[in-house]
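Undergrad: Sharing a structure here in structure tokens format.
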Amino acid sequence: MPGQGRPDAGLVQLVIAVAGIYASFLTWAYLQEKLTTTPHGTPDAPERWHFPVFLNTVQSVFAASVGCVYLVASTPRGSPVPPVIPSRGILAPLALVALTNSLASPFGYASLAHIDYITFLLAKSCKLLPVMLLHVTVFRRRYPLHKYLVVAAVTAGVALFTLHSGKRPSHGGGDKSSSASGSGSSSSSSSVAWGMLLLAFNLLFDGLTNSTQDHIFRAFRPYGGPQMMCANNLMSTLVTGLYLVASPYLVASGLGDWLGMDVAAGGSAGELAAALAFMRRHPAVWKDVLGFAACGAVGQVFIFYTLSTFSSVLLVTVNVTRKMFTMILSVLAFGHRLSHMQWLGVGLVFGGIGVEAAVARREKVAREAARDGVKKDS
């Protein structure tokens, strides 16, 4: 079961796991920002990438293929390959994971039209927020005090960072006249607020995805990470593929504009045709799209490898530091400038997440020590 780890795991395996996560996901994040922020074409008529569902579909096809290879390769020699869908009862939660996972990314990409990538990264580091919100409101679960303090620190950090951001909408050109500051400031504030609302939906769907995956691992033991990776990406490909087929009809019905998706970029042809046409006009984008998909697929393998070889606590620690390095890479590679108050916001977020990771590690060590004590007594 993911999260338990193997006692015989050594230093070489640790280095491979951590290096694999860093290399794949830092490159993945770099390509994501490059894809979503780089203008193509002439300065007079620049074009930007607005095709998140197409991008997700390419990545899920890659990840499903790699996941199936990983499932076969991780099966002990002489043992049958475990089925991707072992029972009819697991279909509903797997379908929910595929749906929420497919819905999350379009909201995230749409938010980037209104907030900068650093704000996006910072908020995406706060996955504890939607998970706790769901558990408290839906499942009536109680948490220890330190978790509420962590949530308060993270929320304050994101708010501080956002309030001190001078970001204008990156896809609309912004207000060129600062003298018209009354309406310009109001427009900018409403745009950022809309971007944060879209990002909140993204985090909510992320929280639903993570909570449902946890439920699957608990309720359908010994269902493992390779099976989840393969099943989730196969079903996500089906969901997003159906959307791409339906997108021309969404354009014709007017639902595309209401949903906030840029399906109208290709006229009545929909997002699939529009994305392919975009890449025909700008062939260099193919390299970034395929690189993004490949890094995401390989990164998922290292995530599940770390879970099965070490523990979920190590994975949390690696992910916290990875997100910090991703933010540093974004600042260096794309020339973002942060104010002192924004750096304070960053410190509050990662400080809170670091405290959560440290407490989780201490609690896990205490549980393992108690379990070992019980075994010795018996």
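Positions of Cβ are set from backbone N, Cα and C atoms, glycine also.
Sharing the feature lines straight out of TrEMBL:
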TRANSMEM  12-31  transmembrane segment
TRANSMEM  51-73  transmembrane segment
TRANSMEM  85-105  transmembrane segment
TRANSMEM  117-136  transmembrane segment
TRANSMEM  148-166  transmembrane segment
TRANSMEM  191-209  transmembrane segment
TRANSMEM  230-252  transmembrane segment
TRANSMEM  290-320  transmembrane segment
Undergrad: Restricting to CB pairs under 8 Å, which listed stretch, 51-73, 85-105, 191-209, 230-252, is in contact most with the transmembrane segment (290-320)?
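TA: So the stretch in question is 51-73.
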Undergrad: Mind checking which residues of the chain, 6+ beyond the ends of the transmembrane segment (230-252), have their Cβ under 8 Å from one of its Cβ atoms?
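TA: Contacts of the transmembrane segment (230-252) (Cβ under 8 Å, skipping residues fewer than 6 from its ends): 53-54, 56-57, 60-61, 63-64, 67-68, 70-71, 84-85, 94-95, 97-99, 101-102, 213, 259, 261, 263-264, 267-273, 300.
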Undergrad: At a C-beta cut-off of under 8 Å, are there same-chain residues at least 6 beyond the transmembrane segment (12-31) that contact it? List them, or none.
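TA: Answer is 121, 288, 291-292, 295-296, 298-299, 301-303, 305-306, 309-310, 314, 318-319, 322, 325-326, 329-330, 333.
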Undergrad: If you count Cβ pairs under 8 Å, which stretch among 51-73, 148-166, 191-209 touches the transmembrane segment (85-105) the most?
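TA: If we count Cβ pairs closer than 8 Å to the transmembrane segment (85-105), 191-209 scores highest.
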Undergrad: When you scan the chain for residues with a C-beta under 8 Å from the transmembrane segment (148-166), skipping those not six or more beyond its ends, what do you find?
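TA: Residues packing against the transmembrane segment (148-166) from afar: 115-116, 118-119, 122-123, 125-126, 128-129, 132, 192, 196, 339, 341-342, 344-349, 351-353, 355-356.
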